[in-house]
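Undergrad: Per Swiss-Prot, the features are:
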BINDING   81, 101, 103  Mg(2+) 1 binding site
BINDING   101, 104, 246  Mg(2+) 2 binding site
BINDING   104, 105, 106, 107, 240  substrate binding site
């Protein structure tokens, strides 16, 4: 079953279905850039709002999504990790707001590892709690190009075929019991409670799997079970991952697949962001693992 048929079968609201289909269509455009810029993997000489050097493909993917959405007028608000402000689309046909990490893991491209795109959809402006999100999706560009999405009616995975259509691969994904851990940050910088939690996971036989691509690592957790973490750490106690562009969309997908999301204390999706660049400590994965880190944090 192709994506269009699936959205129709699920009874997805017409305008939302149109937007999801449109966004999925940008996967091919993003992947085209992999070939056209494959010999230029250095920095562009510009930085995003977080002070990170932008790579040519960061800017290329950002341009693909922004220009396509502006031309389509399917959304009113666009916020991306590469921009320092929310873009308001003139003459928008809908009130949707989208948050986008155009190319997660772009530093891995020069060694030909998986990268991805992360997108969250709101009914209106994007400076809202993550629980207000009405849909979330990611596209994983690896040996296969995969689309995983939720509209709060299960989590579903599609694979892109030769024609460009996305075809159903897995319906109603649920996180299984598993023992994979994907921990970000340097061990020497861990805060006490996080370090204790990591030791517990290691003692219980959790295997370390961390690629440097948030999308790829969470995708593996969805299929094999376990937990992804990028904590607050020495020098960055507030965390590193972006609440709007990364944490909220991926948190929605994981929670809809039967998992949980937390900043170590509570579900970060209940936080109203004060700025588009807000960051958060992040733990997502199985409910058991998330309950354990929250317990470690409470105990200090």
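A Cβ is built for glycine as well, from the same backbone N, Cα and C atoms used for every other residue.
How buried are the listed features, and what sits near them?
TA: In the three-state DSSP classification, residue 103 (Mg(2+) 1 binding site) falls within a strand. Of all Cβ atoms in the protein chains displayed, 30 besides its own lie within 10 Å of the Cβ of residue 103 (Mg(2+) 1 binding site).
Cβ neighbour count for residue 246 (Mg(2+) 2 binding site) (all protein chains, 10 Å cutoff from its Cβ): 25.
Spatially close to residue 104 (Mg(2+) 2 binding site) yet at least six residues away along the chain are 115, 116, 117, 118, 138, 213, 214, 215, 246, judged by Cβ distances under 8 angstroms.
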Undergrad: Within 10 Å of the Cβ of residue 107 (substrate binding site), how many other Cβ atoms are there?
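TA: Around residue 107 (substrate binding site), other Cβ atoms within 10 Å: 16.
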Undergrad: Could you say which of the binding-site residues 81, 101, 105, 106, 240 has its Cβ with the most other Cβ atoms inside 10 Å?
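TA: Max Cβ neighbours within 10 Å, all protein chains included: 101.
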Undergrad: What does DSSP say about residue 81 (Mg(2+) 1 binding site): helix, strand or coil?
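TA: Coil, per DSSP.
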Undergrad: Inside 8 A of the center formed by the CB atoms of 81, 101, 103, which other residues of the chain have their CB, for the recorded Mg(2+) 1 site?
TA: 58, 61, 62, 80, 82, 100, 102, 104, 106, 117, 118, 245, 246
